[in-house]
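Right, one structure below, let's go through it.
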């Protein structure tokens with residue numbers, strides 16, 4: 001009882017009462033009660049506290065911050081022994097409880113749950129600060145924005161985002177930080193301490209919580225939901241940044257151009273556009289980048305890594321954003337809407353490109369022929385007409401194509417033929433796309449180096465007795481001419497190019513098996529026209545419906561072309577008259593109505609011409 005009375009009358013040696021807290025006389029640490037202060041004071045040893053107090057001087061702010069961030073504070077005038085070393089990192093501590101508390105940063109253990117919301121914390125002091133937010137106790141308010149905090153330390157870290165202060169500098173790379181916890185995490189990257197690795201892609205992290213956040217990119221889990229628009233996120237920080245869009249908050253403003261940003265990282269990347277700084281260098285190709293996300297995306301292109309997997313179709317992607325945008329193809333979500341024609345798009349850049357159609361801007365001009373385009377991709381495709389480039393090759397037959405969509409359509413013919421057991425049709429290899437509509441008697445191909453005169457009808461796959469019958473649809477592919485369909489009121493279906501075109505009669509042609517197979521029910525047809533007419537009965541083969549009239553199409557290009565009939569958009573303008581058309585093929589047909597100057601020779605079009613053979617000719 002006498003000991004207790006003595007403790008009540010005066011504090012134990014090694015600490016003193018300062019207001020409502022107890023302050024250590026050796027290191028200036030404070031504690032909420034006397035027992036904790038006494039236990040802490042015992043770690044300094046039985047030194048004369050009065051002499052230590054005289055030696056303790058206030059440290060400069062920058063030195064104190066660096067010590068706070070590194071966890072290497074010095075007690076008194078000399079460093080005290082730290083016998084408890086962490087086996088996972090270079091840190092050491094004076095007591096076993098301090099080491100156990102530090103170990104939670106490696107294991108991710110959070111033994112202190114919030115009774116209100118269930119959120120868990122590593123330290124009890126963090127839980128107390130969090131509980132103040134539930135009680136509405138946020139006494140520390142930012143003077144620059146409406147945010148408030150329950151702890152003064154959090155407010156100071158937040159205010160550095162407004163002032164640009166970054167007092168924690170890395171001695172290895174010079175990078176600076178505003179938050180000491182982020183600085184500590186960064187230092188582990190130099191030490192090579194990344195004990196938490198992803199089982200799917202092998203990526204390693206220094207913190208368990210970072211691994212948990214990364215794993216959501218593989219599983220697609222997005223537990224953080226925006227109450228305003230319903231959009232979900234995989235990280236709480238992403239939700240916080242997103243909510244600033246609804247609140248019209250852009251706390252990070254560029255002093256050079258006045259542009260505002262919702263995220264500090266976006267603001268820092270924007271600053272480099274003014275300075276021209278590109279600090280991220282690719283060691284493989286030497287290319288430099290101004291922001292780390294572009295640099296990481298570029299590195300995956302070198303490595304060929306596509307860790308983000310679509311569960312519905314099995315397609316892989318390099319970026320989680322690419323996977324999220326791809327999923328809209330399955331869900332039908334098209335959140336970006338044109339205000340002028342109500343057309344919707346999957347991605348924002350598709351809407352921006354579409355807006356050029358309404359504005360009439362065509363900034364990309366061909367240097368060869370002067371034709372202008374609204375998109376750079378359209379100019380790139382058009383330039384292949386002049387260069388002859390056909391970069392998309394079929395792995396099955398070796399054919400090459402100007403655009404990837406033509407390759408995909410061609411590959412469907414292989415799949416349908418394989419499903420029906422029909423061998424691929426033979427094709428005639430020629431060097432030029434010869435004019436259609438000429439007829440001859442011989443069926444032999446011209447010898448190499450011979451003069452290019454009128455090709456015989458048999459060479460083009462027409463029956464010898466057809467005379468001037470026109471093949472109205474031909475497809476020019478690679479170095480072959482493939483007969484697609486021959487239509488004439490009084491002429492039967494034309495045989496293939498190598499099916500004995502010079503033989504008398506049509507007995508073998510009558511016995512020719514059907515070549516056009518339905519992809520859904522495997523029924524066969526003698527012409528492509530009959531097949532297309534039949535496939536309309538299978539809605540599964542037409543997965544792209546028009547939202548205005550309900551008509552369905554087998555591919556997205558057909559739907560896009562059809563949707564123009566509901567709007568006033570006519571993107572293909574005739575250079576000779578004011579008329580405009582829905583499609584490029586309609587424009588080409590119309591251009592033939594304009595007279596050609598007399599004496600102009602009709603050159604043989606190279607086989608690499610994008611438009612192929614003309615659809616009409618002299619009978």
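The backbone N, Cα and C atoms fix where each Cβ goes, glycine too.
These come from Swiss-Prot:
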CROSSLNK  57  SUMO2 cross-link
CROSSLNK  59  SUMO2 cross-link
CROSSLNK  65  SUMO2 cross-link
CROSSLNK  80  SUMO2 cross-link
CROSSLNK  154  SUMO2 cross-link
CROSSLNK  512  SUMO2 cross-link
MOD_RES   1  N-acetylmethionine
MOD_RES   10  phosphoserine
MOD_RES   387  phosphoserine
REGION    34-79  region 'Disordered'
REGION    492-513  region 'Disordered'
ZN_FING   22-44  zinc finger
ZN_FING   112-134  zinc finger
ZN_FING   168-190  zinc finger
ZN_FING   196-218  zinc finger
ZN_FING   224-246  zinc finger
ZN_FING   252-274  zinc finger
ZN_FING   308-330  zinc finger
ZN_FING   336-358  zinc finger
ZN_FING   364-386  zinc finger
ZN_FING   392-414  zinc finger
ZN_FING   516-538  zinc finger
ZN_FING   572-594  zinc finger
Rounded distance in angstrom between the Cα atoms of residue 387 (phosphoserine) and residue 154 (SUMO2 cross-link): 61
Segment-level pLDDT (mean, integer) for the zinc finger (196-218): 83
Around the Cβ of residue 387 (phosphoserine), the count of other Cβ atoms that are within 10 Å: 9
DSSP-derived helix, strand and coil totals, residue by residue, for the zinc finger (252-274): 11 helix, 4 strand, 8 coil
Long-range environment of the zinc finger (308-330) - Cβ separation under 8 angstroms, sequence gap at least 6: 217-218, 220, 234, 297, 300-301, 346-347
Distance, residue 80 (SUMO2 cross-link) to residue 154 (SUMO2 cross-link) (CA atoms, angstrom): 29
Secondary structure content of the zinc finger (196-218), with strand meaning DSSP E or B: 11 helix, 4 strand, 8 coil
Tally of residues which DSSP labels helix, strand or coil - the zinc finger (364-386): 11 helix, 4 strand, 8 coil
Helix, strand or coil at residue 80 (SUMO2 cross-link) [DSSP, three-state]: coil
Within the zinc finger (308-330), residues counted as helix, strand or coil by DSSP: 11 helix, 4 strand, 8 coil
In three-state DSSP terms, the structure that residue 154 (SUMO2 cross-link) belongs to: helix
